[in-house]
Amino acid sequence: MKVDGKHFRSIWRECDGWSVGAIDQRRLPHEFVVAKLTSCEDAAVAIRDMLVRGAPLIGATAAYGMALAMREDASDAGLARAYETLVVARPTAINLKWALDEMRATLAPIDPVERAEAAYARADEIVEQDVEINLGIAANGFALIEAIVAKKKPGEVVNVLTHCNAGWLATVDWGTATAPIYLAHERGINIHVWVDETRPRNQGASLTAWELGHHGVPHTVIPDNTGGHLMQHGMVDLAIVGTDRVAANGDVCNKIGTYLKALAAHDNNVPFYVALPSPTIDFTVNDGIRDIPIEQRSGAEVTDMTGRTADGRLETVRIVPEGSPVANYAFDVTPARLVTGLITERGVLKPDRAALAAAFPERIAAAK
Ligand SMILES: CSC[C@@H](O)[C@@H](O)C(=O)COP(=O)(O)O
């Protein structure tokens, strides 16, 4: 997508052909800084410290991390070490393990001297596949938006609520939840996005608002507690969120607070859609609430806030009394019964095992 008129993806291979460039998302919206990853360890740290984040981008970064590792040591031991280093970088987004499994399946059977080149080629494919998938999500989600437009007066605004950042910054390009929004905007639909700020890291306020603003999509940042009020007053036509892992039973794990939005949507008859690429489905997990691991992050994300002062300095301030304990669960699980539909690259599916298995039989076979 465009940043100041220039096309950017969230991750790319640099001109030298081997190092990897990525937008440092910890610095947005204050500074646009590109980081250079030159080792497997760099990729692992980028994922762990959330220089890159968002399930599909975590997977893409891990794939390039594996390629960087193969330049250093392409032996069987090197391959195993790279896998183990990267797979533990963050626990919840299944795209990380999916990408690493794909890379290992390509690399393990071939001669170590061929592994570095093959790793870059497979990582490039994973990256391009992400963009293709998101274009499929865009088309399928767009049909839902069009159906809402058809019920409105000509030119009347369509209000979408989203949580966290499932935008192009969270993927390679286009995003998942934002893909139908960008397409609708490009096709001239009068679309407006309610952007949950998404405490504690504020991915909505910092990243989604930044993306939408650069793309000219009308939006309004709201405190996380506002969605229910807006829904009660008919100010939300549909909610679209992303996800870090969808269980075989259709339960959806996403950024903390998603569940509360789904409850509010259910109570107000607002359609609640989840946009996902197929690598986010985990057919090995049958019950999302019980079995998806929920990342717990540093309490500093809750106690401290960073922002830009009027004179341009970045400053971190504490907003919680010294000594008060805090909890920082990064994700929650929305039960399938609260999800209206799953927007995938192969259509809008019912959130249940039968629909997921029928649409993605090759994934269910691979999970056995
Ligand atoms: C297309 S991204 C889907 C999810 O990864 C996204 O909604 C989300 O929760 C991101 O969490 P984050 O902790 O910023 O990695």
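Backbone N, Cα and C define each Cβ position, glycine as well.
The substrate binding site annotation in TrEMBL covers Arg53, Gly54, Ala55, Arg90, Gln203, Asn254, Lys255. For Cys164, the entry in TrEMBL reads site 'Transition state stabilizer'. As annotated by TrEMBL, active site, proton donor applies to Asp244.
Long-range Cβ neighbours of Lys255 (substrate binding site) (same chain, at least 6 residues apart, Cβ-Cβ under 8 Å): His163, Cys164, Thr198, Gln203, Val241, Gly242, Asp244, Ala330, Phe331, Asp332. Other C-beta atoms found within 10 angstroms of the C-beta of Asn254 (substrate binding site) number 28, with every protein chain shown included. Site extent for substrate: among the recorded binding residues Arg53, Gly54, Ala55, Arg90, Gln203, Asn254, Lys255, the largest C-alpha separation is 17 Å.
The number of other CB atoms found within 10 A of the CB of Arg53 (substrate binding site), across every protein chain shown, is 23. Shown in sequence order, Ser10, Ala93, Asn165, Ala166, Gly167, Leu169, Ala170, Thr171, Gly242 are the residues of the chain, 6+ apart in sequence, with a C-beta less than 8 angstroms from the C-beta of Gly54 (substrate binding site). Shown in sequence order, Ile47, Arg48, Ile58, Leu96, Glu295 are the residues of the chain, 6+ apart in sequence, with a C-beta less than 8 angstroms from the C-beta of Arg90 (substrate binding site). Listed in chain order, the extra residues whose Cβ falls within 8 Å of the Cβ center of the substrate site residues Arg53, Gly54, Ala55, Arg90, Gln203, Asn254, Lys255 are Ile58, Thr92, Ala93, Cys164, Asn165, Ala166, Ala170, Gly242, Asp244, Ala330, Phe331. In the three-state DSSP classification, Lys255 (substrate binding site) falls within a strand.
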